[in-house]
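Lifted from TrEMBL, the feature list:
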- 17-365: domain 'Kinesin motor' (DOMAIN)
- GLY120, GLN121, THR122, GLY123, SER124, GLY125, LYS126, SER127: ATP binding site (BINDING)
- 899-940: coiled coil (COILED)
Amino acid sequence: SSCAMRAKASDMHSKDCVKVAVRVRPFNKRERDAGSRCIISLVSTSISIQDPRDCHNRRSFCFDYAYWSHSGFTRDQTGLFVPEEPGGRYADQHSVFQDLGVGILENALQGYNATLLAYGQTGSGKSYSMVGYGPNKGLVPKLCDRLFEAIRENQENRQCQVFFSMLEIYNEQVVDLLSRGSRTAGGLRVREELQRGFYVEGLRKIPCENALQVEQLMEQGTRTRTTAATQMNANSSRSHMLIILQLKQIFSKESITKQSNINLVDLAGSERQRSSGSEADRLKEGTAINLSLTTLGNVISALADVAVGKKVVHIPYRDSVLTKLLQSALGGNSRTVMIATLSPADICYEESLSTLRYAERAKRIQNRAVVNESPTERLVKELKAENARLLQKLSRMDQEGRRATDESKELRQLLTQNELQIRAIQTLWEQHLQEALKDWEQQYANITQERRMMQMYPYILNINEDAQLSGVVKLFIQEQNHTIPYRTAAICSEELQTLKIQEHHAVFRNEQRRVTLTPLTGSKVIVNGNAVYETAELQHLDRLILGSNCTYLFVGYPSERGGEDWSRYDYDYFQSELAAAEGIHLSGIGESNTGCSQTDPSLLAVFYDYIQLMPMVAEANQISQELSKGVEFKLEIKNLALSDSRGHDLQKDIVVRVTAAGSKQVWMWSKAKFVNRKFLMEEVYQQFKAAQHEDNPRDKDPFWDPVEPLLLGTTHLWLQSLAFRIPLEEQLEVLGSEGTEEAILQAQLVPCTSTGLPLGEDDILIDPSEVLGRRLDFQLVLDQCCGVRWIREARNRGIQIGFRVFDCSEPLYTPAVWHNINPLLDHRVQFTSLQTSQRLLDYLQSSAVVLELWGLQVLEGCSVLSSSLGAVRMTAEGAFIIDLLHPSQAAVRLQLSDSAELSCSVRALQQDVEELKSLNESLRKENHSLREQLNAVKNGNRHTIIPLCPCFLPLALGGDGARGRSLRPSCDAEFARALKVFYHSMTSVRGQLQRLRRHRPSEESDLLGLRLFVDEQSRLLRDFSEQLEDGVSTLKQDVAAIVRRKRERSGIWS
């Protein structure tokens, strides 16, 4: 089988193209909770991804290897994940290593440089594939096991030396994760030599003799990475980790040395921002924190272009630290494999598609790998060759019987120097091992001590967003009669130098086996989601947040520890608990009218965006406070309480409300913009801490933006009454994004003639279809806004109302009104449909005009919203024309000018003529019917009553809108009046229903508060029921009375 593996590895790297593998992971907890749908399918090495919003949009990709690890697996007794059935499609850790790891190892043993890159969004399974968890070892530990196995098997014909290095790149700074000293300011320097290429100056290389030592070094590096991330206030998902295994093989018989570097790279999370919040930022996006990943993408694209024969002037290796160090792996002297990890969930579609595109470009890259011979070992070989020549020469001199001459003395001296030089080179490895031995002994003693203390004392352990870094830092709380490291929080401040962690932050006391936590003045401490200001007793598995976002799990005495599953207390659990304490939970975000218990995946994505941004917002507020910026950040859920023109919920998203305390300026930032600004704030903060802080000019300040109009809230004016030509007058409640009342708006809908005269009750329609094909005019009147909260908070502000009706291509706005809490708008707009279509009639019967309340800020010359009338058609009377028959016709009409208006008038006249002809024909029939009835009367049937007909009544010729219209009989007018009264009563009922939907108990309500809430809710329900019954009952009575009167008049109605 070993030969077969070698054959596979050899075949895998017969060409020097970058080999690319993709791996699809199982759903995680948040995706299962959302009921996510799998959108990825896999056949052999081909992978397809389907757009969850468009079932016809499916993209396919082909790679060197494709692994299905999503389903079809089970956990055996040892904890290994294995296929459910022998030969099943599930790809476990072993099969991934057989394909990828064995090839990398064989290449290294042959003397080639080898590189493994792991790429994918945070949480897509990179760490699991690279490192693994528990018995499911990943590529790195398996590779190390096999490497030292191969060394033991071949120790007779070669001497092998393995050096281990581990580094992290964050914000373009290189951190040595194995360094014994303090962290170098600005990180280690990356230098370049002609022979070595780019390398990290001063990076520790530690010799290793077995896989256990490598494992311990990885643990040490991970611990350093966790502490460094905490101190830098950094997000580990934004950092790249590189493990470098340097393998040196000395073949004594052949007198050659092969040296190869194995680079194992866990790249930063590749997630893109959700498209709904991805507008460009004024300040440069992708600062130093994102630079390495962005540059890597540019390098891969450039190399892919080179591979297909395109002319590329420059490959930007030098633009970032990461690409400098990976130059040999990408297009250089290395054999390289990339594993791209994917989430198959519909809510991760954009990120997964982006990863597949990235991987597809990478597989085109071609490298030029060669076997490496170390310059140092070449020197040994040359020295040995020179010594052999010297010995030969001395031997000839002795055979010739010459006496010891100056020449022979010089030769022997040179021979001795060469031997010393060879011995020095060969003993370098032993010296390295001896130096490392002290480190091993100290580290082993530390590990032993930590394990002993875990069985004696309670402690807190860190919980990190990256599961790989959780549980690494443990801080023990010893009894008071022992040394008390937490009495003045000395260790806390030393290990947790980050935002809002003070030098004396909190006191942990362990007295009589009771552990208490006391926050000190001005410090921020949260226990189980709630802020703590006084001494609190800690219970086993309590969740602690110290400062802005240092998350810890408290582990009690061994006697308190049962068989609980600690893994459920992950980073998401902490943040969800914190969000719940603030009143944000899935049920609240997802509340809808559907009654469906299934959580909408988009709502789940919003919820997890919220808990992801919570700690970042807390940190941004703390940075603002420490830098005296006077800017406050607050998370909000956009469109939480808002709906579209048909009453359907709008797509929800996360935004950050930014308020400048002094000037009262307000901005709304998308998630993407805030994340970018947060990284820029971190850079400013790091400069401030390093005493290199200079005040940025305002246009470069990440805490500032030019002010813009803000959408404060919306309200709905339903149009159904217009289908019956009934006027409507409403007092509308303008609701903010999260359901807060922003203002009351007085508005009217007025059916009118073409000249703007209101229609009367006689013009009300019983059947809305009567308006089809005819002209329809109506006015939208905005009278006044009352109690505008935006202006109440700061009198130097103003407002505008924006709206869009039916197929208007651009929104219309009222003039700006400033400084008044109850501003008078007095704005009237007329809309006209020249030939009412079924589409417009459906719109009127099922939709509303969404009226948007916009806030204006007078400072810095905030722009005022203006109506764009370039693409809008208007009548001669100044009414906006809506209901253009068809998009293609609308496009043609926009190109016409006066002739279009004239042709419309001609068509309207033709329509009137047709109507008059029809009316004339009906009058003839009516006349004939009347003659027959008169004859019947003459013949003695005197009790017959002649029924009235609308067509018999005279025509009203008073205006354009009245042309062709007949007066209704009295019973139709009565119906219209009854309908009008019913519509007004239903408007009141709708308002009561909205109040009921918004009425919720306070999060802080006690039992008494809940009882009061139930009483109030019962009263509102009674009012709602009574109003509804009154409206329906009145309509029934009016209709019954009308029918009765009609029967009395005609005697023939039934």
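Glycine is treated like the rest: Cβ placed from N, Cα and C.
Features per TrEMBL, on structure.
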| residue | record | Cβ neighbours (10 Å) |
| --- | --- | --- |
| GLY120 | ATP binding site | 28 |
| GLN121 | ATP binding site | 21 |
| THR122 | ATP binding site | 18 |
| GLY123 | ATP binding site | 22 |
| SER124 | ATP binding site | 27 |
| GLY125 | ATP binding site | 21 |
| LYS126 | ATP binding site | 29 |
| SER127 | ATP binding site | 21 |
On average, residues of the domain 'Kinesin motor' (17-365) score a pLDDT of 83
Relative to the mean position of the Cβ atoms of GLY120, GLN121, THR122, GLY123, SER124, GLY125, LYS126, SER127, the recorded ATP site, which additional same-chain residues have Cβ within 8 Å? ARG25, GLY269, THR341, SER343
